[in-house]
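Heads up, the thing below is written out as structure tokens.
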Amino acid sequence: MAAGRGERAGQSAEGPKQYRLIGAEAVLARTLRAFTDCPLIGTIAVVIHPDDHALYRRAVPEKHENVILVTGGPTRQESTRLGLLALKDEAPQYVLIHDGVRPFIGQDLLERIIANLTPDNGVLPALAVSDTLKRAAADGMVETTISRTGLFAAQTPQAFPYAPILDAHEKAFAINRTDFTDDAAIAEWQEIAVRIIEGSADNTKLTWAKDIEMADKRLRQDHAVFPDIRTGNGYDVHSFEPGDHVTLCGVKIPHEAKLNGHSDADVALHALTDALLATRGAGDIGTHFPPSDPQWKGAASRIFIEHAAKIVREAGGRIANVDVTLISEAPKIGPHRAAMTQALCDMLGIAADRVSIKATTNEKLGFVGRREGIAAIATATVIYPGEVPE
């Protein structure tokens, strides 16, 4: 279940808490892996918020044949019902319902839950309550101490025979009962027997921002993390021809000549497009925009760079830095650097301190030294989800 908004944990640039990074990996990706790694698990329905499809693709870029995406509803209870309905054609014998923000579910607990399932009873992992419990009045004053005997804190995944728990959810939906706090409560309401087994202290739910911080710290302490940071390089060159300006990084700069090319010949953006594509092993600019294709005749090169950035982001990549070096005797780049930097910021959606634009001459050597054209070298650094594989 991953359709919640996570108000208590707060929002971040990564989205709701199930998409926050812990140990360089999204919470939901880690949770999902526990189930995809379990040979006892068949089809997995991941229920997400209708607005979160792009977030999910970024968090879980790899494809799993046994994973289906389901759009959730306005409440957890309704999202669970929709997830169960998505499995109706398969009609599994049993189903496990798990919180997407419990990323530390272990294989041992999964196996014990499944081993205790029968056609006659569900299974609820839980921990015996160890804290002293108090009942308070409306004014906050203690009324009484509650005995801990027989009290348990419920965890997930909660497991049930599929048909009875789906029927229970459908009955609750039909009469608009929305007050159940978990699936075991719905099972109790419909008199489905539920067996409690010992849960795991590690199987905590990430509810607050502090929980996410602690989970991230825990993972980083448990093992060395090698984040998937990739660097791509690009190089391009264009010759001069008669004209009155050149376009560099999307900025028109007055000059006694223009650059010759099929598009607008923006040598800087062409090199940077190749650099971004290189971080995904996605070919080069000619692969995506062949110069033989007439539709790109005179095209603005920002189309190319924005296309490359989209490919990066669809794979969950975050552009950490771009660096462009222009090699030219003229025109002078310095007076236009700020405008060029801002143009790249706008195209890539990154801050100015992540953009570097430099220029150098070729000391009057070669075609650049003879003022026959301009060359550009670009480097892009992109951080992708997950770690570098061993």
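Using the three backbone atoms N, Cα and C, a Cβ is placed for every residue, glycine included.
Pulled from Swiss-Prot:
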- 1-229: region '2-C-methyl-D-erythritol 4-phosphate cytidylyltransferase' (REGION)
- Arg8: site 'Transition state stabilizer' (SITE)
- Lys17: site 'Transition state stabilizer' (SITE)
- Arg148: site 'Positions MEP for the nucleophilic attack' (SITE)
- Lys205: site 'Positions MEP for the nucleophilic attack' (SITE)
- 230-390: region '2-C-methyl-D-erythritol 2,4-cyclodiphosphate synthase' (REGION)
- Asp236, His238, His270: divalent metal cation binding site (BINDING)
- Asp236, Val237, His238, His262, Ser263, Asp284, Ile285, Gly286, Thr360, Thr361, Asn362, Glu363, Phe367, Arg370: 4-CDP-2-C-methyl-D-erythritol 2-phosphate binding site (BINDING)
- His262: site 'Transition state stabilizer' (SITE)
- Thr361: site 'Transition state stabilizer' (SITE)
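What Swiss-Prot annotates, mapped onto the structure for a quick look.
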| residue | record | DSSP (3 states) |
| --- | --- | --- |
| Lys17 | site 'Transition state stabilizer' | helix |
| Arg148 | site 'Positions MEP for the nucleophilic attack' | coil |
| His238 | divalent metal cation binding site | strand |
| His262 | site 'Transition state stabilizer' | coil |
| His270 | divalent metal cation binding site | helix |
| Ile285 | 4-CDP-2-C-methyl-D-erythritol 2-phosphate binding site | helix |
| Thr360 | 4-CDP-2-C-methyl-D-erythritol 2-phosphate binding site | strand |
| Phe367 | 4-CDP-2-C-methyl-D-erythritol 2-phosphate binding site | helix |
For the region '2-C-methyl-D-erythritol 4-phosphate cytidylyltransferase' (1-229), the mean pLDDT of the predicted model: 93
Considering the binding-site residues Ser263, Thr360, Asn362, which residue's Cβ sits among the greatest number of other Cβ atoms within 10 Å? Ser263
Going by C-alpha positions, which of the recorded sites (Lys17, Arg148, Lys205) is nearest Phe367 (4-CDP-2-C-methyl-D-erythritol 2-phosphate binding site)? Lys17
Within 10 Å, the Cβ with the most other Cβ atoms among the recorded positions Lys17, Lys205, His238 is that of Lys17
Which residue, out of the recorded positions Arg148, His262, His270, shows the minimum number of other Cβ atoms inside 10 Å of its Cβ in this structure? Arg148
Can you tell me which of the recorded positions Lys17, Asp236, His262 is spatially closest to Asn362 (4-CDP-2-C-methyl-D-erythritol 2-phosphate binding site)? Compare CA atoms only. Asp236
Rounded to an integer, what is the Cα-Cα distance in Å between Thr361 (site 'Transition state stabilizer') and His238 (divalent metal cation binding site)? 15
Can you name the residues of this chain that are 6 or more positions from Asp236 (divalent metal cation binding site) yet have a C-beta less than 8 Å from its C-beta? Val267, Ala268, His270, Ala271, Asp274, Ala375, Ala376
Cβ neighbour count within 10 Å of Thr361 (site 'Transition state stabilizer'): 13
Out of Ile285, Phe367, give me whichever of these binding-site residues has the highest number of other Cβ atoms within 10 Å. Ile285
Whole-number Å only: compute the distance from the Cα of His262 (site 'Transition state stabilizer') to the Cα of Lys205 (site 'Positions MEP for the nucleophilic attack'). 56
